[in-house]
């Protein structure tokens, strides 16, 4: 077997996650610069960053897709996935976290934890991703390292441990004190490549000694070996302390915190050291679980050994203008050579991988083989989708699936010419394959093509890509809300479908009971067979369930999909000769529609979690405006010692179209907002009446 350049214990698969403006992409850029991966510093404001390579990202200065990039530091290979911080793109974050081993959470040292940081943090908790934190923007007015750390405790319930003390802050920020070695590090040149080690400034010695005490006490709380030395008041060797920090970080017991200013080129090299020292290699992570593809039951653990069977998870698909379809995959075990065949065990299809590439934003490096621990691009797969499992042998094993949220907002799009029509279909196929939170379908009533996604910005960027990348001219309709329907009361009804038209007839007779299920729970539908004594033969029960499921796609009020309903089939009858699956399916559909009409059907609307960050003087106007949009104000908070306030509210999506523009005008462009889906709730009666009267 070929020697691998970087043994698996020297690989780090990490993500960089943060709120939209915490400086995450700049931090990634500096990492690439100091690791020698790129030779010139990139800046987001100038559109010269390496990882923001889509046109829309360069224009908007926000990261939309997770760009995969490799960097090399102190004999280690670091595979970095730069993830978007905007809530409309949480699907990108979700699928990146699924395949990562560790993450750097970047925060703005002036404000600490912001709304989107909470969302991303919870996602990382769900996938048990070990983290280190970087308090960025220490040069910013109002930056306060220890206040920002406190917000991690208060808002995230995290256990952050400061490994450094900043030397100065705001314009006076010069460097950091390393609390493990008790050395002061100063960045003395403009590009931040020269680091001088000096003794700690005299005015900081006492403070740093007390903070080092805090650090040791905090590590002792989570590590028995350090606790023993601590109790005996023995000197704790730095390497032992590092080892304990590493173990506790990998077990997610602590979050080591560092600080710096990526934009001013200070603090990035110690962050890279921390990635190597404290974040896990693929060997440190719990094994990935494989399940039976049919029953969903756990079968075995997949261990990260190169000589095992090949298993990988496709976590992202991209349409590349030069090579066609590119599949990003995380290899969990085994080895694969280019030109090999793989089995897509999710779809039970065999495909050939023609080429293998390591990715560097939109550049690629071709390789002959890939191994356990790699994050890689596969070229040549035509039928593989996001979330599919790939193996080198036929088996019925699949890795844990990726879950994606339902879209909440839609627009109609229509091609301007006949020529555009064919191109639009192709564009939509490619884009929906690339982004599982995007759906497109044809509305049978109107014949319109509908595009659905996670928010206004999400759809705006997709439409921009349709026009720019796929050269399709489209007209776009007004945004629409993805309403749903449900019921409030239990009821019963029967459906009889009898047809006699010469020869064999049709006969199906069903009695159903419906009742509401709790809203916003994981169960959106429950079907229960309560037939006794064979009044309806077993073989017709699936047809009854299908009849109900199909009817649920088209609610009785406004034709929206129905959710949160339990259906029980409890009686009926059949005919020896004339009964068929078709007849029972139709009878079930009739009974269901009838039962729903008697069960007090209601409309449901998506409600969004809205967080507005605004200077205090505009707070009154912002609150009044949110209230006028049927918003419920939940709380306010101050942003660490500044006159900035954050308003937290719940507002129906239907009231938020164009909100960003209104909010900017209310605050003279100084407020920012974060809007993300929260839950569905019942539409008030007067609003329902308005919607019904429009139909």
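Quick reminder: no glycine exception, Cβ is built from N, Cα and C everywhere.
Keep in mind the model is a prediction, meaning the values are calculated, not measured.
Taken from Swiss-Prot, the feature domain 'tr-type G' covers 9-283.
The GTP binding site feature in Swiss-Prot is assigned to 18-25, 82-86, 136-139; the stated evidence is sequence analysis. In this structure, residue 21 (GTP binding site) belongs to neither helix nor strand by DSSP; it is coil.
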Local Cβ density at residue 24 (GTP binding site) - other Cβ atoms counted within 10 Å: 29
DSSP state at residue 138 (GTP binding site), helix/strand/coil: coil
Overall pLDDT for the domain 'tr-type G' (9-283), taken as the rounded mean: 85
For residue 138 (GTP binding site): intrachain residues, at least 6 apart, with Cβ closer than 8 Å: 109, 145, 166, 169, 170, 173, 259, 260, 261, 266, 267
